[in-house]
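What follows is a single structure, written as structure tokens, with notes after it.
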Amino acid sequence: MHHIVEVDLGDRKITLETGKMAKQANGAVVVRSGDAVVLVTACMADQPKPSAGFFPLTVDYREYTYAAGKIPGGFIKREGRLSEKEVLTCRLIDRPIRPLFPEGFMNETQIIAMVLSADPEQDPNSLAIVGTAAALAISDIPFQYVMAGVRVGMRDGQYTANPTYTEGRASKLNIVVAGTEEGIVMVEAGAQEVSEAEVLGAIEFGHECCKKIAAGIRQLMKLCGKTKREFVSPVLDETIYAEVEKQARVDLTDALNTEKHEKLASYALVASVKKRTIEALPDEQKEQGAKCFDALKERIFRDDMLKKHRRPDGREFDQIRQITIETGVLPRVHGSTLFTRGETQALVTVTLGTKDDEQRIELLEPGEASKRFMLHYNFPPFSVGEVGFMRGAGRREIGHGALAERALTALIPGEDKFPYTMRVVSDTLESNGSSSMAAICGGSLALMQAGVPMTAHVGGVAMGLVMEGKDYAILTDIAGAEDHYGDMDFKVAGTRDGITGMQMDIKVPNITTAIMKEALEQARRGRLFILDKMYEAMPQANTAISQYAPRIYTLHIPTDKIRDVIGPGGKVIRGIIEQTGVKIDVEDDGTIHVASADEASANKAIQIISDLTATAEIGKTYLGKVVRLVDFGAFVEIFPGTDGLLHISEIAENRIKDVRDELKEGDQILVKCLALEGNKIKLSRKAVLKEQREKMKQGKE
């Protein structure tokens, strides 16, 4: 049957519809808001896939160009691989739902979200989260939670649910909040140096919106929800667990001590203890024994945190690992930094380019989009001592790069102050947790070292959480094991004045805003400590860019002169580029950017452009060239392509009968501009001769 439920979020209304489309899926919901329409389906395999080793959940989000009345650009007119925006939205959907599936559930599950109609003023990705939550809720998939997601904007201290593109661009804060009726499960944000209190207010506002949407989903469940398939999470054999614990606890506790052992040495010791312990078990117990060993490893970690109040490497809960910073480490690179924090190390480089180097983006929203600042994050296998393929960026790398880019964007100067395209690349050379935060810190340092006039450094810190019941421990600057066995990965980036980027993922059903408030304050203290180290290494941006970077010179011309610079079919501008070897970008408002690594070439191009676009000024003297003689005077070129009339009466101080007695074509003479009448320029040589004679007379006196 066809069912519709409407949710009111104040200025925005969301409609949930099911029973008309994709009826063979386990769950299918069409979400509408304005002209935006998103179809989300949830499907599950009948049999589990235990060989996967992890929950085999796949999320695919597609923004079809037909949704915006467009045809894909380029030669291939069919949608191809996912765009960066689509990949990030896949992660945005995956992260809040993954921890809510039952422990040990191994049936392949797939979420597909398709944007069928695009509203020119609304981002559909928050609707995709809502559709996913609704599709799972009404399906027979054993997903027991009702959750929702919402985008929150803030302007003039007021929070807005699902702001429009226009509102989002004007917003001081852009945050996506996902939560159940009981608490928060995921947060992702970009901001303009906002306070912790403002962020917390946005999260609380977003959670209230999530509750309203969840109530609508519950209403839909009552109308058409299927009976959930039975699933009981597997439990460990207590007898085998006790034997594994007896054999391994002492040695395993020592192996996990990273204050005593470095990361790779710890891994090797753990593997050795595991091998010895499992080999001692009967063959029929080995598979269960391996699971018991992994559970024991996690149990030791959590007991150390909550009962002994001790981290694996011996740090205090709010202590940050040792930081070392080197700037300018690569000679030919425009900007570079080697940032090391504990056993995590990032080599971050900056390349400066021109407007031609901007990243063009094809989006559903109207108009053309491009990026002049981009950050690319790489995670090669050697960073964790492994062998692997060097393929293109995966979803994780794209997600980490987007977080770092978002955190730094708030401090990137506008094009009017710094007309360069900037590409930051963060290569993770070593990793033991918080590598994305190393990308942010290293990126800020490398940008300043490259001469990008940022007004402040941006630092980042990853927070963790270990929680059981009412007991919990919040950790600052988490290492790899703390991320793996902990319950939260909460990344916070910003300046001394406020937060610019944030991302939170959890492995428990939800956390309260009270815990988030405490974590934000602890993160603020950690961020300030890191920023102090960064300012010691690079107090402010270099005043000059690298000698190997292109110099960009900016000049402004009248808009009616643009055609003179470009010429018919681009002939003139191509000629300037071929003659000087520079790059030239002309904007519609008459702004011209000339880029070249060679100053002389740039100056030559600027002079040509200045000559092409120059306008005569009354009373000013010019060195002109006689280009044509006529009976009533001569036409003199004072700028390339710009002639003025030198009347016969203005050629000499005495009366002349024939112009050719005084001038011939090709002569270079000094002339003064007497008057401007529309496009006509009146010149005088007589006035210049008179001035010269009077100066000579004064000199003799």
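The chain as shown is numbered from 1 upward.
Cβ atoms here come from the backbone N, Cα and C positions, even for glycine.
Counting every protein chain shown, 17 other Cβ atoms lie within 10 Å of the Cβ of ASP483 (Mg(2+) binding site). ASP483 (Mg(2+) binding site) falls within a helix when secondary structure is assigned with DSSP. As annotated by Swiss-Prot, Mg(2+) binding site applies to ASP483, ASP489.
Under DSSP, the residues of the domain 'KH' (550-609) split into helix, strand and coil as follows: 32 helix, 16 strand, 12 coil. Summarising the annotation, Swiss-Prot assigns domain 'KH' to 550-609.
For the domain 'S1 motif' (619-686), the model gives a mean pLDDT of 88. Under the heading domain 'S1 motif', Swiss-Prot lists 619-686.
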The domain 'S1 motif' (619-686): DSSP-derived helix, strand, coil residue counts: 7 helix, 38 strand, 23 coil
Other C-beta atoms that fall within 10 angstroms of the C-beta of ASP489 (Mg(2+) binding site): 22
